[in-house]
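J.: Among the features that Swiss-Prot reports, region 'Interactions with ADPRT/PARP1 and NCL' is placed at 1-110, with the record citing similarity to another entry. The domain 'FHA-like' annotation in Swiss-Prot covers 38-87. If you look up Swiss-Prot, you'll see 122-173 marked as region 'Disordered'. The phosphoserine annotation in Swiss-Prot covers Ser132, Ser137 and rests on similarity to another entry. Annotation comment: Swiss-Prot describes Ser188, His265, His276, Lys291 as site 'Interaction with DNA substrate', evidence class similarity to another entry. Here Swiss-Prot flags 207-211 as region 'Interaction with DNA substrate', drawing on similarity to another entry. Per Swiss-Prot, motif 'Histidine triad motif' is recorded for 272-276.
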Amino acid sequence: MSNVNLSVSDVWRLMMRVCWLVRQDSRHQRIRLPHLEAVVIGRGPETKITDKKCSRQQVQLKAECNKGYVKVKQVGVNPTSIDSVVIGKDQEVKLQPGQVLHMVNELYPYIVEFEEEAKNPGLETHRKRKRSGDSDSIERDAAHEAEPGTGLEPGSNHNQCSVPPKKGKDAPIKKESLGHWSQGLKISMQDPKMQVYKDEQVVVIKDKYPKARYHWLVLPWTAISSLKAVTREHLELLKHMHTVGEKVIVDFAGSSKLRFRLGYHAIPSMSHVHLHVISQDFDSPCLKNKKHWNSFNTEYFLESQAVIEMVQEAGRVTVRDGMPELLKLPLRCHECQQLLPSIPQLKEHLRKHWTQ
């Protein structure tokens, strides 16, 4: 058998980028979007959507594989949105990795993924998904949660929050784990370097982009996609997650006089249930905008105990309508309720409370 020697440039010439539309709750297989071909989807067997408010021809999608985005045109009458911003009938908007497309009425969330694939079937198929965990992509996310990764030790240089994860021998990532950054928790929770505590039910990791001096995530080993998937069967697990969160505060911030809150985002950006354990100083350069602030300081942040009581009484978690609108509220100090015009001014104001 003859040997074929390919240079790096030869390999890239043999590669082609492909685009996939992926349902975030994994209700159906991902849908391939061929380069520059108009694909119309909506209610039907392909999407498993039966909601009659969703047209059979709700959106037209056209992938610009070379440019790394998808043009989305709303065809149906009812609203299609990207990151909670309605597109509008017969209007066209770009959908980029890191953004969430809701098919209709803020329901049925989708993301796009790009992969590199070998053109020559004789070569071993090589796929490399376009990672969208950079800061720009995270800024676009509706909840603006950080992608957990290598994390920061309390007291370390918070400016690291703008530095991408290191690659190399020290940071192996399984091929099958690569994908949209919203799947990042599933990778991070398996990384011993990130774990600060674990037992048979849960693992605690440091948030890679902490929004305060102390910011951890408590995750169950059991795969639970979101709060909507929580049932009464998960009640003891939720209680255990809360107990572990309190334990981590004592173990790692016991000498601190900081106040903490434990809770969940109403609409999480990461596809695995996770409990935030966050100090209330919000002293972090990773806290960059209004959505970051409001995701922790409005009713968008669901208290852990309230979630437990909800499941105990109703057997499920109910998230009321209009949650994305809370992220647009004016900036208000969580300590004294004073309104502030900008994040820099809010941060300067918060310093006054640290000394009290």
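Every residue, even glycine, has its Cβ placed from backbone N, Cα and C.
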J.: So if I exclude everything within five residues of the ends of the motif 'Histidine triad motif' (272-276), which remaining residues of that chain have a CB under 8 angstroms from its CBs? That is, six or more out.
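T.: Same-chain contacts beyond the flanks: 183, 185-186, 189, 207, 215-220, 223-227, 229-230, 241-242, 245, 261-265, 296, 301, 304.
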J.: Using Cα coordinates, what distance in whole Å links His265 (site 'Interaction with DNA substrate') and Ser188 (site 'Interaction with DNA substrate')?
T.: 19
J.: In the domain 'FHA-like' (38-87), how many residues does DSSP call helix, how many strand, and how many coil?
T.: 0 helix, 22 strand, 28 coil
J.: In whole Å, how far does the CA atom of Ser188 (site 'Interaction with DNA substrate') lie from that of His276 (site 'Interaction with DNA substrate')?
T.: 15
J.: Of His265, His276, Lys291, which of the recorded sites has the most Cβ neighbours inside 10 Å?
T.: His276
J.: Between His276 (site 'Interaction with DNA substrate') and Lys291 (site 'Interaction with DNA substrate'), find the distance joining the two CA atoms and give it rounded to the nearest Å.
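T.: His276 (site 'Interaction with DNA substrate') and Lys291 (site 'Interaction with DNA substrate') have their Cα atoms 16 Å apart.
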J.: Could you give me three numbers for the motif 'Histidine triad motif' (272-276), the DSSP helix, strand and coil residue counts?
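T.: Per-class counts: 0 helix, 2 strand, 3 coil.
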J.: Around the C-beta of Ser188 (site 'Interaction with DNA substrate'), how many further C-beta atoms are within 10 angstroms, looking at every protein chain?
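T.: That number is 27.
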J.: Counting by DSSP, what is the helix, strand and coil composition of the region 'Interaction with DNA substrate' (207-211)?
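T.: Counting residues by DSSP class gives 0 helix, 0 strand, 5 coil.
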